[in-house]
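Step one of this worksheet: look at the structure below.
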Amino acid sequence: MHKRLFSNVAEMSGDYTKLMEKAGENLLLASIRRGLILMIPVVLIGSLALLFSSFPVPQYQELMARLFGQNWQDFFIYVHDGTIGILSLAMVTCITYSLATELENRDKLRINPVIVATVALCSFVALFGINKDGFKITNYGVTGVFVSILVAVAASLLFYKLSSIKLLRIRPFSDGDSITFSHAVASIIPAAITITLFAAVNQILAALLNITDINDFLADVLYHLFANINNSFLRALLFIFLIHFLWFFGIHGSNMLEHVAQSIYVPALAINQELIQAGGEPTQIFTKTFFDTFVLMGGCGSTLCLLVAVFMLKKNKNQRRIAKFSLFPLLFNINELIVFGFPLVLNPIYLIPFLLVPLLLTVTSYAAVSLGLVPFTIQTVEWTTPVFISGYYATGFWSGCLLQLFNLILGTLCYIPFVKLSQTVSVSRLKKNFEALCAEFKKSERSNKRHSLLERQDMLGSLAKALAEDLKYDIETKKLTLFYQPQVDYEGKVFCAEALLRWNHVHYGTIYPPLVIALAEEYQLIDELGLEIIDQACSTIKIMAALGFTEMAVSVNITASQLENQDFSGKLRQLIEKHQISPKALKIEITEQVALENNKWIKDTLNALKEMGIELEMDDFGMGHSSLMYLKEYNFDTVKLDGSLVREISTNMNCRDIISSIIYLSRSMNYAVLAEFVETEEQRQILHELGCDLYQGYLYSPAIPLADLLAYIRRSQG
């Protein structure tokens, strides 16, 4: 029985996790989530400004007034006005930009995201108006968040749909115009239709439904809903539920229900105070102070409980980072950073606890006061007063603090399963995005297209930037490792090993090496990465020499951008001197494409390396782009046959003829020939018959760690 119940619960949990993963992959929700994350700087600055202007300590307020005058708060109010005060305007821009970049990559419709964001912003203003009677600037702040999300999505989709209609896109006046000008001109008609439609909605709402302010209309509807409820307990539950239900969809629930709070719950506290002054006992359990003190700890959603849950579960580094940023303002019940940064708005994973935890704390707090365990709230307490302090001030007894502690523990326990679920879904989503990034990179690699991962403005671009930052950190902290693939002669004796980069990422495991190189080049890290690889290779050479393998060498791959660096040869010399190794023990590999660039700096660097005694190897020779003249011009010591030639040597006579020609030239031009990707005895035998006796490939060994390489060398030498 218990096993079946546990199995059913586990199955339901798995289904819920899959449902949340699918919801998280929804294009609109993902775009809204990214847009809200882009809002973090604005929200953080505005939250801190609000905190500094309303810090609930009288001594602080008096000190600031003495230092900066009676109007000292104006400075922070201006900062708040420029951030939270226009939150809806900023949100329209950020969400639209996020959605536009996703749509651009999905539909391949080239529209400048800035144009889309501007059109959506104009549509939002047209919907509310500015010059009409009854206009409230607060509609552009937190109050208008819900409408801003709707407008951002609707305006973006409408504008994109209109822009896809060729008849509505004005063609540029001449072929010589810039791309930006072309995009702007082509967007004129779709933009005009989109903005005028939202202006028309504004006019229709006012003319037909007498709705001049959407937010006021919603507030009136909600107030009349409470007018018909006589049961105070049910009314309190509905009050808390609606606040959080509205907040989940981006509507400022507290503002929407402010009329309810001012007409019901603020007077309730005054009734308690009057009864006490008259020598009686307080009768009103549900007051505004009651909700602010015992239920909304950390703001809406009882987010202080969520914060504690995140700190208890240490797996997700990003969540903990946001939690750390949010901690200080959250102690004063300012939680916009959590609400929009996690985010909680429109996040299906947190829907259940965001709604139910405040309801549960309302019930426990009501029970505690009803049973006489905690006194009634009798003092007005600023909503920014920290937890525990507010509990004591509100009731006048320490039992108020104990109730807050109980609620904090209970709420945290409720949030923990959903934080775990969020982390599971986050890891799954990141892995899928990582797989998509690798697939996109390999696709570009196969088609020989230029990689521009960091220029992308979608999720893959964000992931690429995050990976590049992680790569920079791991280079600085020396967390990268090298594997080595042995190079052997016909007798099986190891004479060299190719150093191959391995980056074991903390979340994604081993990263595809060419992707690492591409990220390093795009992020201007290739010089640091290259020197780190050479440093480790030189260390390996020194270790092998100390063990008696004095004839062993290590080859390292170098990119064109490294060779173009005028300091490269000097830094390489310093590393050789640092490890006290012979320059001949270090071989430098470059690809044919590097040689074909025919760059003066590359030539000078390669000549400097040759003068130092370092041997040069040409990698992937025979890919179809080469000119044999580079063999003589760069004076290579070794040519490595391209893998495509070696793989088909058993079945394709043309491959044999090409390899035979390269080997024939090697005798007169005095370079060695090494075959890569040797995987079968048949391939090795054919290569031997053609005159190639140096091999590298899975027939002998894959790339292996240093310890395994040393053991392999010992075995090869008998």
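Yeah, the Cβs are placed from backbone N, Cα and C, and that goes for glycine too.
TrEMBL labels come from automatic prediction, so no person has curated them.
The following features are taken from TrEMBL:
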type	residues	note
DOMAIN	12-418	domain 'PTS EIIC type-3'
TRANSMEM	36-55	transmembrane segment
TRANSMEM	75-99	transmembrane segment
TRANSMEM	111-131	transmembrane segment
TRANSMEM	137-160	transmembrane segment
TRANSMEM	181-201	transmembrane segment
TRANSMEM	207-226	transmembrane segment
TRANSMEM	233-251	transmembrane segment
TRANSMEM	294-313	transmembrane segment
TRANSMEM	325-346	transmembrane segment
TRANSMEM	352-376	transmembrane segment
TRANSMEM	397-418	transmembrane segment
DOMAIN	464-717	domain 'EAL'
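If you look at the transmembrane segment (181-201), the same-chain residues 6 or more away from its ends with a CB under 8 A from one of its CBs are 110-112, 115, 119, 122-124, 126-127, 151, 155, 158-159, 162-163, 165, 168-173. Only pairs six or more apart in sequence are counted, and the transmembrane segment (397-418) with the transmembrane segment (325-346) gives fewer than three Cβ pairs under 8 Å, not enough to call it a contact. Between the transmembrane segment (352-376) and the transmembrane segment (233-251) there are 3 or more Cβ pairs closer than 8 Å, counting only residues 6 or more apart in sequence, so the two stretches are in contact.
For the transmembrane segment (75-99), same-chain residues at least 6 beyond its ends with a Cβ under 8 Å from one of its own Cβ atoms are 27-28, 31-32, 34-36, 38-39, 42-43, 45-47, 49-50, 52-53, 68, 113-114, 116-117, 120-121, 124-125, 137, 139-145, 147-149, 151-153, 155-156, 336. Across the domain 'PTS EIIC type-3' (12-418), the model assigns an average pLDDT of 86. With a threshold of 8 Å between CB atoms, the same-chain residues lying at least 6 positions outside the transmembrane segment (325-346) that come near it are 29, 32-33, 36-37, 39-40, 43-44, 46-48, 50-51, 55-56, 84, 142, 145, 149, 247-250, 292, 296-301, 303-304, 306-307, 319, 354, 383-387.
Packing against the transmembrane segment (36-55) from elsewhere in the chain are residues 61, 73, 76-77, 79-80, 82-85, 87, 90-91, 94-95, 97-98, 322, 325, 328-329, 332, 334, 336-337, 340-341, 343, 345, 382, 384: each is 6 or more residues past its ends and has a CB under 8 Å from a CB in it.
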